[in-house]
Amino acid sequence: MGAVAEWAYNTSDKKIMINPSIAVLNKPIQGPVPHGKVSIEQTFNNHKMGRVEKTSISNFTFEEQYLTFHNYGYAANPARNFAAGKEVLVSTEVEEAQHGAGIYDKSKNKRQRVAGPDMPEAAQKANPDSAKWGGFIDGETVRKQIEIEVKAREEEVARQAEEERAVEGEERETKERITSVFHGGKETDYTGRSWMENKSSVHKDVDDKQCFLPKKWIHTWSGHTMGVQQIRWFPNTAHLLLSAGMDGKVCIWDYHNQRKCLRTYTGHDQAVRDINFTADGRRFYSASYDKNIQYWDTETGKIISTFTNKKTPFCVTVHPDLAMQNIIITGCSNKKAVQWDANSATIVQEYDEHMGAVNTVTICEDGKRILTTSDDKKIYLWEFGIPVVKKYIAEPTMHSVPAVCVSPDQKYLIGQSMDNKIIAYEAFGNFKFIGRKTFKGHLNAGYAITPGFSADGKWVMSGDVDGKLWFWDWGKCKNYRVLKAHDGVCSACLWHPIQTSRVVSAGWDGQIKLWD
């Protein structure tokens, strides 16, 4: 029997042919450790946290402890072996457990008398509205309560009506307020031509197949009181420059002649995030942090329409088809890319597969495909008008891409990656990642800095956090020039499509600079 007492029994066995003691049953199991196991006990585990054994408990006991735990915050410890002082488990969801209370205790919240001939005077003074037994209130008291509720409801209705009138007044004021200021002498010249007409006969450079890197700073446009977030050329001629400022203003500048601000558009109440011309430049769209998208007449400065989905738009992209200039797509903070019809100011389609705010929307392949980037570090490819993702571009090493630019020949697109790189993809077919086309050296993490291409596609440029303007060779991916452009962040840059050695940059110092 002494030899038997030295044994250690496996508790998973179903039969024990002898009568061992408790000490023998609880001895640790010893022996060779199986291959792939940390300890020999893991051989008998049936759960990732150890071994789970069945135990028998009556329904009455279980319900009692379950209800006590959820109502009073404590219950008996169901473990077989526990340390001293652990006999009771306390819930972490209650501030203080009601030890000793049980579900079978009689309730103390009985209906009591509030007044009566044998009640103390203090109790009667506490309830002067009724001189009857507790729980029964006369008609006069009920009438008083109803009058109080009706009065409160009338005040609430009056307050809501006053708020609605105030909102209507603000909307009327917004519609009536001056949304544009013309800074020139006359809006037409002596021949009747509009101030928007291209009066400069600037021909394209003779050697239009090659662009040259700018060397010097030749002009500064100043007018924004806060940083400039985005700049756009007037389509085809690039004789005007449109800028979106964080001061809530959109300004249009003359590129030739006196190079002054021609018109200021002041329809937004907060910073303007993005702008985009229609194909002919007669109209443009602006997206702002006041959650409004506005459709402008460039010449007169009037707001054609304003629409919103109560979410912040981060970008606005116009469909390239000349017959669909009223169709735009905005990337919003509610994880959706929203397609709008500007004529009716209604939502046509929503692309809602992203898990983060949509930063950019790029329409490729003549309007057949849509490329969206988001804060969820993914790039999605869609068919235009169909809210089903056609291709997912997502890698564990990818970072968020808050700014995208397409090459002049529409074959490639580059994106500003948040790991201080510019990455490149094909802008057609399967949109393959071009791993060898990576442009490094600048600091851009945390800022949506828009990169750019030269007119011939030979050079890639980008601003950075320190206000520098970087230029890389597209073929060699080598940095050739760095210019100190702005005091703050250099947020956007554009290469002139006609004068091939001129570049415009915008920064958070509120200035727009011309380089040659």
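Just so it is clear, glycine is given a Cβ too, placed from its N, Cα and C backbone atoms.
Remember, TrEMBL labels are computer predictions, not curated facts.
Here TrEMBL flags 143-173 as coiled coil. The feature region 'Disordered' is assigned by TrEMBL to 108-136. According to TrEMBL, the feature repeat 'WD' maps to 221-263, 265-306, 351-383, 483-516.
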Within-chain partners of the repeat 'WD' (351-383) [C-beta distance under 8 Å, separation at least 6 from its ends]: 314-315, 317, 319-321, 324, 329-339, 389-394, 398-404, 406, 410, 413, 415, 425, 427-428, 431, 448
DSSP-assigned states of the repeat 'WD' (483-516) in counts, ordered helix, strand, coil: 0 helix, 18 strand, 16 coil
Non-local residues, at least 6 beyond the ends, that sit with Cβ under 8 Å of the repeat 'WD' (265-306): 178-182, 187, 194-196, 226, 229-230, 232, 234-236, 240, 242-252, 312-318, 320, 322, 325, 328, 330, 340, 342-343, 345
Residues of the repeat 'WD' (265-306) by DSSP state, where helix covers H, G and I: 0 helix, 22 strand, 20 coil
Mean of the pLDDT scores, which run from 0 to 100, over the repeat 'WD' (265-306): 93
For the repeat 'WD' (351-383), residues assigned helix / strand / coil by DSSP: 0 helix, 19 strand, 14 coil
